[in-house]
Amino acid sequence: MSSRPLESPPPYRPDEFKPNHYAPSNDIYGGEMHVRPMLSQPAYSFYPEDEILHFYKWTSPPGVIRILSMLIIVMCIAIFTCVASTLAWDRGYGTSLLGGSIGYPYGGSGFGSYGSGYGYSYGYGYGYGGYTDPRAAKGFMLAMAAFCFIAALVIFVTSVIRSEMSRTRRYYLSVIIVSAILGIMVFIATIVYIMGVNPTAQSSGSLYGSQIYALCNQFYTPAATGLYVDQYLYHYCVVDPQEAIAIVLGFMIIVAFALIIFFAVKTRRKMDRYDKSNILWDKEHIYDEQPPNVEEWVKNVSAGTQDVPSPPSDYVERVDSPMAYSSNGKVNDKRFYPESSYKSTPVPEVVQELPLTSPVDDFRQPRYSSSGNFETPSKRAPAKGRAAKSKRTEQDHYETDYTTGGESCDELEEDWIREYPPITSDQQRQLYKRNFDTGLQEYKSLQSELDEINKELSRLDKELDDYREESEEYMAAADEYNRLKQVKGSADYKSKKNHCKQLKSKLSHIKKMVGDYDRQKT
């Protein structure tokens with residue numbers, strides 16, 4: 001008995017099947033056997049159609065983008081508040097500080113008259129000598145905060161209201177481009193803002209370096225108390241706490257835009273790899289609540305079927321437990337379910353008299369007939385025709401190809417143990433090795449056939465988004481898409497898929513037996 005828990009068989013991982021684990025002992029072939037390295041499986045070998053991406057969750061990549069955009073909105077408001085609170089101290093200087101006829105109102109310094117000798121400094125941006133105007137730097141910072149606020153608000157609103165535009169790859173490409181541009185501009189604005197609010201940081205490279213340093217040096221060295229301090233000059237030379245907070249928030253916005261780019265790229269890659277039917281943009285509530293009045297319904301049904309012979313005691317267990325049925329719909333040969341226990345007593349009347357509109361149908365459970373076979377609700381492929389593409393039904397979000405007993409419990413493991421018991425000799429190991437190679441080739445051939453259908457469906461799904469719905473290209477692609485969906489829903493496809501999973505379980509068991517034998521020898 002294997003120690004593996006009762007669950008689905010492990011996914012086939014090519015890197016685990018290394019040839020050196022299955023090579024024969026050196027004492028048989030003298031160490032001269034060379035095995036060709038095994039190539040990796042195709043990208044769709046892990047059944048991507050079985051995986052569902054829950055993009056409505058806040059922890060998913062689109063959800064993280066929503067969170068980051070919300071944080072950018074808050075940080076932009078904080079930057080606007082911090083920068084705007086320091087604008088009042090800029091009215092005492094500006095263009096007249098380093099060039100103009102008025103001069104800075106710092107009594108007796110003569111700094112304004114000195115600046116007038118060098119000519120007029122530009123009031124917006126940069127003047128002579130590479131000097132950065134604080135008002136221009138703050139205006140640049142406020143403008144970028146406003147642009148980032150608008151962009152983040154658009155991203156947040158379009159994703160929260162779950163618009164169709166926000167569910168396309170083109171939308172996330174736009175998010176990447178806008179985030180990259182705004183991130184670069186915010187970085188430039190933050191650097192310019194640092195130079196504007198900290199004049200000593202730019203004084204070394206400007207013509208007014210010595211004058212700026214002489215004016216601001218008094219605030220950087222300890223001075224006697226009681227002296228008059230000009231508040232305008234103080235706020236010009238010293239970085240205020242609000243300005244420091246704005247600088248930090250500016251760099252945090254840059255990091256937030258970088259993270260948005262990362263998760264937008266991740267979202268586009270997932271949308272390219274998986275089919276649209278595998279992505280859930282809205283939360284579904286199918287199995288959250290139990291159907292109403294189930295007990296009352298059961299009582300009514302029981303009252304109407306009193307003269308029907310009672311089924312055997314283990315019949316309910318066999319119906320309720322999917323482990324009692326194999327993939328072809330027949331009962332497995334499990335020891336505690338012999339054929340005589342359920343073929344001797346007819347029970348189909350109970351099932352046939354149930355109303356078709358019963359609440360149990362909402363569960364989409366298999367319906368069993370008298371022969372022991374079961375019927376599963378048919379899945380409708382999403383129609384892609386001349387009209388707009390219909391949305392995927394709620395039931396199609398969930399895999400209706402149930403994993404039955406032959407695939408999910410340890411019955412199949414017991415079958416493999418009976419067919420491939422633990423290895424006791426090198427000759428038996430070689431036999432297992434040959435069976436493994438044969439099964440592996442069959443698995444790879446069968447898997448590649450299934451992969452071609454999945455990849456072709458994914459390619460056609462992307463093409464349908466690019467074509468105009470009434471064009472000939474769209475109609476041709478839609479016909480091919482619907483044909484492949486019918487092929488994928490056929491019994492032959494499901495049979496091959498189940499056989500592929502059984503081969504995967506067989507290869508995993510053989511690998512375990514060989515590994516156990518090699519560990520015992522060592």
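Every residue, even glycine, has its Cβ placed from backbone N, Cα and C.
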In Swiss-Prot, Arg66 and Asn198 sharing a membrane side: no
Contacting positions for the transmembrane segment (67-87) when only residues 6+ beyond its ends and CB under 8 Å are counted: 58, 135, 138, 141-142, 145-146, 148-149, 152-153, 155-156, 159, 193, 197, 235, 240, 242-243, 245-246, 249-250, 252-253, 256-257, 259-260, 263
Cβ-Cβ under 8 Å with the transmembrane segment (175-195): same-chain residues at least 6 beyond its ends: 65, 83, 132, 136-138, 140-141, 143-144, 147-148, 151, 155, 201-202, 243, 246-247, 250-251, 253-254, 257-258, 260-261, 264-265, 268
Secondary structure content, the domain 'OCEL' (414-522) (per DSSP, counts of residues): 95 helix, 0 strand, 14 coil
Averaged pLDDT score, the coiled coil (432-488): 86
